[in-house]
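S.K.: Quick one: structure below, then a few questions.
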Amino acid sequence: MEGSEDASAIVEPPDPEVLEIDPTCRYIRYKEVIGKGASKTVFKGFDEVDGIEVAWNQVRIDDLLQSPDCLERLYSEVRLLKSLKHKNIIRFYNSWIDDKNKTVNIITELFTSGSLRQYRKKHRKVNMKAVKCWARQILTGLKYLHSQDPPIIHRDIKCDNIFINGNHGEVKIGDLGLATVMEQANAKSVIGTPEFMAPELYDENYNELADIYSFGMCMLEMVTFEYPYCECRNSAQIYKKVSSGIKPASLSKVKDPEVMKFIEKCLLPASERLSAEELLLDSFLNVNGLVMNNPLPLPDIVMPKEGSFGERCLMSEGPPNARNRTMSMNLDEDNNLPIVISSNNSGTNCIEVRRAKRGNFFVLKGEENDENSVSLILRIVDENGRVRNIHFLFFQEGDTASNVSSEMVEQLELTDKNVKFIAELIDVLLVNLIPNWKTDVAVDHLIHPQQNQSSKDNHQNGASSQAGESISHSLSSDYCPRSDDEANPTVAATTEDQEAEKPGSLEEEEEDERLKEELEKIEERFREEMKEITRKREEATMETKNRFFEKKMQQVE
């Protein structure tokens, strides 16, 4: 009990500077932004267990799903950070996907002094002893990467991607988003920062020694405070000089002959260039080191399979959990009606569909991403307590529920029997979210009139009309009793004919009109009351089901 009280006590942010807390309540995110890139923002965070500051890297899921290149870089970075453990490679703690805020979060160690480029520009008067120490640490990290089987090529070594803790001169290699595992003798793709790219990179035929060339350019930047080839105005000019063997103008500014000699060793043609291990033996260099940490068991980011759908989906998976195993949606059988919940999040209409199938629980959430696409999250808890999440964009023009469902079943390695089930979930959600949505599969039997606001009025009007007809018939019987003559069709017909021949008085016509109005009012009142009773019944039913479900879901979260 004491432990649970402590945990609940830290769920609320401790101060206004805290914007977010991770699912394990271990890490907190502050307002302070310490770095920002094209797709990633880095905030200062804090590890409340170890009492240390951390870097909280955050990427918006919708941004990733619309840029396959950024998504691939993220997967590459997470995969490599998790697999690499070395004193000169940035330390990885944890990663997870936040379904609610639609972000990918990666916790790494914090470098209080920022990148080596920032640090060097801030501290211009630094003894060469310190520069040599930094160089040795970078090479030690590269040696580790290049010694993997198969070797890992960073492909974007530069001072912007090397980080430092200035209080004790600790340097580590980071930003592994462009790194690649060299499964063949030579890599082929052209990628990196032009100012730091080796000539062979432009020829699309290179190996790990391309990182050594980039390291040489880092050394040049550290001693001259200039980006290599800053005299060039664009990438084309840089390429022309590099391919022609022309060195950057800043190399002529290096006054120390030992430094010049060392940099030139790194910039030699690939066939003559020394490896990181060989350069570490150079008397020019020095040494330093540090320790590591172990990650928490948070839901894991999972690599999708190859294919067009894999390029626009993001998946995570959590380990089996005994509490997940006991989760119940309070649904009695496989063929039950799905629970549909409508909410409004900051002006955006959100729909959630929940349904059970043979011990597995499916929750599909969706909201309009823009006028052409819908952002969807499918969460599956299986009978063993394993939780899987898949985020994806549904394009209204080109996608169908069946096609997307088939792709998802393949990605999640589910049985083909789930294709129709998930397709029904998707179309039920879209019917409730998008006006006049044309379904791909039959879902009329699954849509309840009162389950969501978007379709509530249309379905409710239909139900009310039927109820109204029933009430009208009942009222006609109750308030317009038949005479004995009316019971006999022949007599009734004769009576009607006779009445038609008689000129009715104005008073009688007015009396009939008033009676008709009164009856219509009664019918309208009962129709409205019936609608209200139906609405209250559905609200009470949904509230009860949701209360039981949310209680179980909180245990999973």
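The first residue you see is number 1, and the count goes up from there.
Note that Cβ sites are derived from N, Cα and C of the backbone, with glycine treated the same way.
Reproduced below are the annotations present in Swiss-Prot:
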BINDING   T108, E109, L110, F111, K158  ATP binding site
DOMAIN    28-285  domain 'Protein kinase'
MOD_RES   S505  phosphoserine
REGION    451-517  region 'Disordered'
S.K.: Tell me, what is the mean pLDDT of the domain 'Protein kinase' (28-285)?
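M.R.: The answer is 88, the mean pLDDT of the model over that range.
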S.K.: Using DSSP and three states only, what is L110 (ATP binding site)?
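M.R.: It is coil.
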S.K.: Let's check the environment of K158 (ATP binding site): how many other CB atoms sit within 10 Å of its CB?
M.R.: 23
S.K.: Can you tell me how many other Cβ atoms are located within 10 Å of the Cβ belonging to E109 (ATP binding site)?
M.R.: 21
S.K.: Using DSSP, would you call K158 (ATP binding site) helix, strand or coil?
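M.R.: It is coil.
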S.K.: So the record assigns T108, E109, L110, F111, K158 to ATP. If I measure every Cα pair among those residues, what is the longest distance in angstrom, as a whole number?
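M.R.: In whole numbers, the farthest two Cα atoms are 19 Å apart.
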S.K.: Which residues, sitting 6 or more apart from T108 (ATP binding site) on the same chain, put a CB under 8 Å from its CB?
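M.R.: Residues satisfying the criterion: V54, A55, N57, L81, I90, R91, F92, Y93, G174.
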